[in-house]
Amino acid sequence: MVGGKWRFLEVAVVVMVLQWSCDYNGNLAEGFPVQDLVTKLPGQPEVAFRQFAGYVDIDVKAGRSLFYYFVEAEKQPHSKPLTLWLNGGPGCSSIGGGAFTELGPFYPTGDARGLRRNPKSWNKASNLLFVDSPAGVGWSYSNTTSDYTTGDESTAKDMLVFMLRWLEKFPQFKTRNLFLAGESYAGHYVPQLADVILEYNAQRSNRFKFNLKGIAIGNPLLKLDRDVPAIYEFFWSHGMISDELGLTIMNQCDFEDYTFTDSHNISKLCEAAVNQAGTIITQYVNYYDILLDVCYPSLFEQELRLKKMGTRMSFGVDVCMSFEEQLYLNLPEVQKALHANRTKLPYEWSMCSSLLNYKYTDGNANMLPILKRIVKSKVPVWVFSGDEDSVIPLLGSRTLVKELADDLNFNTTVPYGAWFDKGQVGGWVVEYGNLLTFATVRGAAHMVPYSQPSRALHLFTSFVLGRKLPHKSPPALHD
């Protein structure tokens, strides 16, 4: 009798999974891949949308595969667009970053054993696809060690192959509006992927083409010789270094020949000033958001050992979330639920890879010419900046967007001014030529959705809907 009961339950589960995996028209042949369906993550709250995760083989001979995590839109997924999100680094995980600490539907709980809902998840506005790229990041891997020596060009080509093969798994998205988004070094990843997609489209005549509708990049690395001096301008303007030290750095440091990996040809005075800046600011400042407190790993681990919540809140933000997601994603039951780590990698999951031998000289490349090609193809470009980030501050991004607008001979179509979210200033925005937008997000970190989820969702929703950020002022304040 017991065996019959278990058999009945097994059949019921299979039927449920098959029904859940069917397409919206009930046609399984046109549906999503059953083998990649994530029925439920450990400790996950109940949700109505579906999740999928697994691998896409990029090069079977080399044994190179990229891991993805896909989340349906919360409502009307059949009509909402598809957004690909990429984290930067280079070499950091879009699953650990974008999906589980920023804009995905779940955050880890303070005990690192479960999940809680993110009420401002971007899947309210779009279907979301997160990919760990290149191979060697997160659970993406290669059986050919030389593949871990890589750079921007090969990363973009692999991502093009990934998108083509992922769409074979999910064919109903072939005609869907596609948006590309990311942050930090994705200021290289996203424009270069958009560029190869547009090149691919140009060669396709009447065959399949990507329906690319826009790209959005947050606190992006665009041009190193402008983004680096912006760091020290930020330190000075926020009172983190003295007037004298700020002037010394600005006058003695030639950032024109700065490189991504090595000290540029700097004077002794410049070197001493830069080192002094690091000493004054100290390691106890969160460079990604100077307002937030830092998380002390030893205290976090002590709390967990005492079976307390390891969460530490600062300005309403869990500053220990990166440690929580590290522990959560290394749980065997989590990896099993995500169909991850299928080759039993000989190392733990980590947010940023130590395997990659990335071509860091690629970081010196100027992304403005690529962005110019994208805009000239009538694909809208949004650059957004959390204004508390000192790593890639808004000061550099804003001047670079203006430089790009001037190069395109664009007029200002929306003058620089405040935009509003829930009656409060969400940030400031300017638009050029109806195709190029720069927006700040007030009070936001390098990882904008992490520290300002409501404002980030408002910005993202406006982006995918093709709307301008609202300039309309709220009612006047009264005493």
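Cβ coordinates are placed from backbone N, Cα and C, and glycine is handled just like the others.
Annotation source Swiss-Prot lists signal peptide at 1-22.
DSSP assigns CYS352 (disulfide bond) to a strand segment in the three-state reduction. Feature annotation from Swiss-Prot assigns disulfide bond to CYS92-CYS352 (among others).
Look at ASN143 (N-linked glycosylation site): DSSP puts it in coil. For ASN143 (N-linked glycosylation site), applying a Cβ distance below 8 Å and a minimum sequence separation of six or more within one chain yields ALA62, GLY63, ARG64, THR343. As annotated by Swiss-Prot, N-linked glycosylation site applies to ASN143 (among others), with the evidence given as sequence analysis.
The active site annotation in Swiss-Prot covers SER184 (among others). Sequence-distant neighbours of SER184 (active site) (same chain, six or more apart, CB under 8 Å from its CB) are ASN87, GLY88, GLY89, CYS92, GLY218, ASN219, PRO220, LEU221, VAL391, ILE392, HIS446, listed in sequence order.
Counting only residues at least six positions away in the same chain, the Cβ atoms of PRO229, TYR232, ILE266, SER267, CYS270, ALA273, VAL274 sit under 8 Å from the Cβ of CYS253 (disulfide bond). DSSP classifies CYS253 (disulfide bond) as coil under the three-state reduction. Residues annotated as disulfide bond in Swiss-Prot, with similarity to another entry given as evidence: CYS253-CYS270 (among others).
Among the features that Swiss-Prot reports, N-linked glycosylation site is placed at ASN265 (among others), with the record citing sequence analysis.
Marked as disulfide bond by Swiss-Prot: CYS295-CYS320 (among others). Packing around CYS320 (disulfide bond) is summarised by its Cβ count: 27 other Cβ atoms lie within 10 angstroms of its Cβ, all protein chains included. Classification of CYS320 (disulfide bond) by DSSP places it in coil, neither helical nor stranded.
In the three-state DSSP classification, ASN341 (N-linked glycosylation site) falls within coil. According to Swiss-Prot, the N-linked glycosylation site annotation covers ASN341 (among others), on the basis of sequence analysis.
If you look up Swiss-Prot, you'll see ASP389 (among others) marked as active site, on the strength of sequence analysis. Annotation note: ASP389 (active site) sits in a coil segment as assigned by DSSP.
As annotated by Swiss-Prot, N-linked glycosylation site applies to ASN411 (among others), with the evidence given as sequence analysis. The C-beta environment of ASN411 (N-linked glycosylation site), restricted to residues of the same chain at least 6 apart in sequence and closer than 8 Å, consists of TYR432, GLY433.
In the three-state DSSP reading, HIS446 (active site) counts as coil. Around the Cβ of HIS446 (active site), 23 further Cβ atoms fall within 10 Å across all displayed protein chains. Taken from Swiss-Prot, the feature active site covers HIS446 (among others), and the record attributes it to sequence analysis.
According to DSSP, CYS92 (disulfide bond) is assigned to a strand segment. Residue density at ASN341 (N-linked glycosylation site): 19 other Cβ atoms are found within 10 A of its Cβ, drawing on all protein chains shown.
Between the CA atoms of CYS295 (disulfide bond) and CYS352 (disulfide bond) there is a gap of 18 Å. Neighbour counts were taken at the CB atom with a 10 A radius for the disulfide-bonded residues CYS270, CYS352; the maximum falls on CYS270. Ranked by Cβ neighbours within 10 A across all protein chains shown, the disulfide-bonded residues CYS92, CYS295 are led by CYS92.
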